[in-house]
Amino acid sequence: MTPTLAELLDTARVVALPLRQRFRGIDTREAMLIEGPNGWTEFSPFTEYDDAEAATWLAAAIDFGWGPLPAVMRPTVRVNATMPVVEPARVADVLARFPGCRTVKVKVADPGSTLADDVARVAKVRELLGPDGRIRVDANGAWTIDEAERAVHALAEYDLEYVEQPCASVDELVEIRRRIRHKGIPVAADESVRKAADPLAVARAGAADLLVIKAQPLGGVTAASRIVAEAGLPVVVSSALDTSIGLSMGAHLAAGLPELDYDCGLGTAALLAADVTDAPLLPEGGAIQVRRIEVSGELLDRWAAPVDRAGWWRERLARCHALL
Ligand SMILES: O=C(O)CCC(=O)C1=CC=C[C@@H](O)[C@@H]1C(=O)O
Ligand SMILES: [Mg+2]
């Protein structure tokens, strides 16, 4: 059942939450939060996304707020720490916000930094994590095949769990996967799943060993669960740098999957300097809880987006609703 635009607008609130440090080029995370019969849900496509892409995120918000209640097969979900592109001297501070996490995802291949910077950041993480911790890196598709091969060789001594989206296209992923197979380092696909016309094409092409699955970009818990079942590959459920409400959607997706062998990228409330609830879904003992979020009216007011931005989001909601 799709709610009307008026029903959505009735409870919709727009917030602008500061980040503790810059992540994927932003310092503030804007999000629209809406209360449905199931509880609070989130609509927060990144601002540069077009309406067609954002409409899929709206379908996800509606699924979580109005759709079938997801089955919860686990009460908590193990999460990784997420390491933005920071100086090695700041790595310890970031890790301290992810208590109990045995896995760290390190962002690499940022346009403003070099491979040497990436190696230094990963080396620092390995030093602090010890030999038993797991380190994965995420290049967001920024490397060419040759750059990816060079980077994987330089980073391999720190023992990588996998490399996420080393190159942009599915064909490049096929080739880099072939080239690094002898190193035993798996390739994960993220953008090739969540931004592709066909999220299963990457699996069909044999271009990845595992998939990064995000609830909002894939149309919600129901749609994403189906994609996971059809892909037949191991998955990591990850966030879209959501507020605790969007993270709760991701946690419900992860909690309903029959297999969950990897720690999930759902600890990112720790990257936010503010949230919309007094009980945020922060990592505790290396995991987050699987539960709905009660919002705080006081926090919604305190972090309300400026009037012009709230208007922009309401117009975006209307355009995306018309596309459903
Ligand atoms: O997976 C994680 O550890 C955290 C989530 C994360 O890294 C991302 C969230 C939002 C946008 C993306 O650029 C980014 C990713 O590429 O996985
Ligand atoms: Mg990624």
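Count begins at 1; order follows the chain as displayed.
Glycine residues also receive a Cβ, built from the backbone N, Cα and C atoms like all the rest.
As recorded in TrEMBL, the features of this protein are as follows:
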{"type": "DOMAIN", "residues": "88-183", "note": "domain 'Mandelate racemase/muconate lactonizing enzyme C-terminal'"}
{"type": "ACT_SITE", "residues": "LYS107", "note": "active site, proton donor"}
{"type": "BINDING", "residues": "ASP138, GLU164, ASP190", "note": "Mg(2+) binding site"}
{"type": "ACT_SITE", "residues": "LYS214", "note": "active site, proton acceptor"}
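Positions of the features from TrEMBL, shown on the structure.
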| residue | record | Cβ contacts under 8 Å, 6 or more apart |
| --- | --- | --- |
| LYS107 | active site, proton donor | PHE23, THR82, MET83, PRO84, VAL85, VAL137, ASP138, ASN140 |
| GLU164 | Mg(2+) binding site | LYS105, ARG136, VAL137, ASP138, ALA139, ASN140, ALA188, ALA189, ASP190, VAL212 |
| LYS214 | active site, proton acceptor | ASP190, ARG194, ALA224, VAL237, SER238, SER239, ALA240, GLY250 |
Three states by DSSP: which one describes LYS214 (active site, proton acceptor)?
strand
When DSSP states are grouped into helix, strand and coil, how many residues of the domain 'Mandelate racemase/muconate lactonizing enzyme C-terminal' (88-183) land in each?
52 helix, 17 strand, 27 coil
Inside 10 Å of the Cβ of ASP138 (Mg(2+) binding site), count up the other Cβ atoms and send me the figure.
24
Over the domain 'Mandelate racemase/muconate lactonizing enzyme C-terminal' (88-183), what does the predicted model average in pLDDT?
98
Same chain, not part of ASP138, GLU164, ASP190: whose C-beta falls within 8 angstroms of the C-beta centre of the Mg(2+) site? Give them in sequence order.
LYS105, ARG136, VAL137, ALA139, ASN140, VAL163, GLN165, ALA188, ALA189, GLU191, VAL212, SER238
Give me the count of other Cβ atoms within 10 A of the Cβ belonging to ASP190 (Mg(2+) binding site).
23
